[in-house]
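What follows is a single structure, written as structure tokens, with notes after it.
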């Protein structure tokens, strides 16, 4: 044998004799158990046996080994549990066991060895059991390449037995030959050795202290050891040539114990292949193939020089040790992945000199405070710094410039509790912020927007600090202490101070990227005129998108957004067509100007000039006001002073436009006549200093602009006035400029040159300021409450402006400016939403999370779709004559308020499940002290389920092209209503589309889809959304908004997922030279002859759709005649060929590269509505299963939603499309598939009750086809194999293979979806239920089910009506009876989430008849094709349904009743499946003939 050549040392002494002692007994129930202690050398263990076990052992030994029959003490029946008998028997049994051990001193018989647990604890028994196991399964294990797990005790037993030098088969049983083990270990590749921490089993054996030798393994590629003492493990070094992966856990105190066990024998050693620098005692071979080493969870305190022996290592895991310093890793040139988490590292100085090529570095759970040592790890891709002590944000700068870094984790550091922690950290990465995944959370669009703002803020601060450094001395000489003008350097950060635990809303500054073309072309913002440090700001967003030529940023960004027609150059001079009636009156902020900030020196110089001119014009009024305030302060009381200030304020505020030049000259001449010029100048200077806190000359020459805010402004002074504005915050006050409405659609140069000064006021005239809506609307009250400015802009800029304004006031003055009516900067939009929903008593309002809020105008008005004879809907929309303002007044205000109300913006606030429409009250704010819950009552809320909100598919044929339409107008379909949303801020439309599409895609279960009535009117082609979201159709219409004080209930069974209306295939196949279809106009920036953007189907493989798929879907698209249909389903059923594929991709598909695989018509039942069976068109794709449902389900669930939005109207009735409900079950959510008896139906089960649906195909062929296609699709969803070699991942590749095999009627698919088929137990349950309902089950022979089919019972219609309704039934045919049952298809078998059994039984017997009582069978085509009428003789003596009286078969309204006079009972049954129908007739005729001796009469009727 192979063992003959093995030698582990001299032969050991003879083994000590084994002993077995009975040390006690226990009474268990009614019998006694004897406790036996077995000793084998130093090892001992305890076992328990009752007397009957001894008796069985003795019988087998007598039979096999012929021992003395009287050796075992006799059995006693009476008094067997008496104490005296038990004690005597203990002694006798101990003598018996000792005798057996002496009889068999070397090798115990097999039965005795198992009785004494030798196979678990004794050396020979352990090796014999292992050898027998490998004899039977060894080849199978080696062939499968699976991991073989072995215990240290087994390895110890093998080592000990080899060292004893005994024969390899001492027992004489060839199966237990030690050679089987050695043959197996020589070829094994994947080994796992797992010990235990404490004693093993009932023994005193501590496995972690047992020595063993691994040199018997000759071909190891991968080994894992845990809870073994590395000092006692020998022979592992013999696997150096082949071992590629090694894991040693809970076993080592140093790396040398594992990598250089020879180090304990040699003082000086060097790795093989290195140049020897001095005397050494040994040259040790390296680990030639080792690339992965896991030494985690040990007690390693240093990375010693043993790493020199693993030069090819790529993956090194030293986590959960005690490493203090990163050292010696410079020898690992191939190291790519290093895990040093949860050690004791406190410094990383010089770590880049030791980790040159590392891509993944895990430093979590250490004591790190500084990251400066990481700044040169240029190859780093993944960095984990969780659970450290990093406090300063500046530390992130050390890794901010690493060019390859993609994933960073900083959670559970002191740094992570900073407000806006994510955006501030991301801003440290500069232009690469979009590529960084922070804390395992992908960077969102809103975070990138905030990062851009923070970068711009930082750049502005840098520029500001440079400018202030040159003028600091001048400013200090002339600034008075009473009016701090310049924001102190110690002011807090101005980013949005929201809580880190609350999701921030979408920050609306993305529009900066849309003005880069104009900004670069403008003479005011040309990069040539900017300082070198400022040039990156003007192109920040452009650079972040790549080095694109000028003019392409806006167009390409717009093309990537669903709902956007295309990018339009701001300089494009094409005439605008009014998108909605009265749209010329709409006030909006153009996006061509928001790129001009306080860092643009030319722009700032122009603003300074305008402000200086305005101050000179307003100087007399300010001087007069200052003088009067001084006099009032000294002579009059507080009330008179307020009255005079009010009079003065009326004369000095809101001066519009530049004054006449002649007036200025005349005024100047009059002043010279009244006073001496020098005295007047002195008086003006002193008064201005008193009023503004600044020297006049310095003010006029050095106006310091702190912040420029482009915004939408609502000014309330008795009446409401709205205009697009530019607010300029200076160190003395605030200046307001208006963008003339007629100029808002021009180029940026035109807009900037036409800026009109409105008014300005010093800081001292500001009485209150705060947020009407946190992060959305800032309010400034100027001197008197009726003069109020409502500032609407994006959150980041508003907070920046608010923070800069606060810094202009001393802390003691801020308390006077805070308002109890307004919110402070510390309140988040999420908190405001929670308070608002609580005020309106919305259920679950505290759980709602704001995903974005957008100011819009909402318009609704009637429009009529006029269809031509050719069926072309494009361009045939007639708008009712109305103006925008009147439309908004009618829709948004009560009739009594319509005359007083102006067209003011609303806010669309998106949450995960709802679209919230918020209307704010912009009436004059009350004075201080009159706060009485005004901030709650001043908002009106209307909520619409997001599942009912769609982008209007008719948008392409109703909305003209143009910059205004592209950037501000979006048409929605809310329920059955058409609503036009006009966004007042730039780029907000595109943010809304991004968030809307993400939320729609995340909705579960039910969603609303649009199905075009005519292929020519299908939703237009749109580009894919960035981030892989599905394309959506656009919106067009004017709709009146109605408000409801409470939330509208969401449709059950669940909310809807996104309606993915991808482009139609007909457009995809258009030739390159063909003009773009009317529904998909080419982008404005493209040449006139250019083709429209490639539709979504261009993403899928070229062979899709194949001709076979087109043909099969056409053949399968045949709706059964018995299923009720609605117009939308009728339309689908009429489609043929490629039109079906087009419908799927234009209206149903979720993602761009999704492919349709199968189509099925069936009725379905949902878990939440078990009593409702509804028709559905089932579409199986590569991503999900879609159920397009009958409109009856919508009516069933929409009763509580019959509000303004959900009432059908002429707009919808005349529209070129249908609105349908679609249930979506994503394949990733699918957990199990239950197949019904005889394949008559199947149930798809997800993770929740809303994701359980049963398809009642009532046809085994249809069920089989669907399941076959489903398995094929699921197979394509299997996880892709690891790119590493197979040998690297033996845990997953060679683990437990339990998929793809049928066990207990369950098939675990390779995708982990469980397919459950009917078991014999299920058939037995059905048989039992039927048998129990029979009159005398005992007298009847055993039932044998011949046929089980899902059918319908035709109910006899009332007179004057058409064909009777169908009632679902289960028809069961046995050898002698036929039954009709009511079956629960949806609740059984119980889903895993079910906590209690259903209220209904699975089967309820409705009727039963004997086959011999069947008189004849009638087959006709009226009212249903080939419906069967089974005519029975109603005999009195039949033994079925004995408990049911004849009244059961009497005439009842809508019931089956009797067919006529006489003693006959008729069952009118409709079987949809022709195959099942023929099988029923065939089996019924055969059984009837066997029972009655003649052929069954089958008659054909009309």
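Heads up, the Cβ atoms here are built off N, Cα and C, so glycines get one too.
Quick look at what Swiss-Prot lists:
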type: DOMAIN; residues: 12-122; note: domain 'PX'
type: REPEAT; residues: 289-310; note: repeat 'LRR 1'
type: REPEAT; residues: 312-333; note: repeat 'LRR 2'
type: REPEAT; residues: 334-355; note: repeat 'LRR 3'
type: REPEAT; residues: 357-378; note: repeat 'LRR 4'
type: REPEAT; residues: 379-400; note: repeat 'LRR 5'
type: REPEAT; residues: 404-425; note: repeat 'LRR 6'
type: REGION; residues: 481-501; note: region 'Disordered'
type: REGION; residues: 524-549; note: region 'Disordered'
type: COMPBIAS; residues: 540-549; note: compositional bias 'Polar residues'
type: MOD_RES; residues: 542; note: phosphoserine
type: MOD_RES; residues: 544; note: phosphoserine
type: MOD_RES; residues: 547; note: phosphoserine
type: REGION; residues: 628-684; note: region 'Disordered'
type: REGION; residues: 1014-1101; note: region 'Disordered'
type: COMPBIAS; residues: 1045-1101; note: compositional bias 'Low complexity'
type: MOD_RES; residues: 1280; note: phosphothreonine
type: MOD_RES; residues: 1282; note: phosphoserine
Other parts of the chain folded back onto the repeat 'LRR 3' (334-355), taken as Cβ under 8 Å at six or more residues beyond its ends: 291, 296, 311-328, 361-377, 384, 387
Chain residues in Cβ proximity to the repeat 'LRR 1' (289-310) (below 8 Å; excluding those fewer than six residues from its ends, i.e. six or more beyond): 221, 224, 240-256, 258-260, 263, 270-271, 274, 316-329, 331-332, 334, 339, 1288
Summary of DSSP states over the repeat 'LRR 2' (312-333), given as helix, strand and coil counts: 3 helix, 3 strand, 16 coil
Whole-number mean of pLDDT values that fall within the repeat 'LRR 6' (404-425): 89
Tally of DSSP helical, extended and coil residues in the repeat 'LRR 4' (357-378): 3 helix, 3 strand, 16 coil
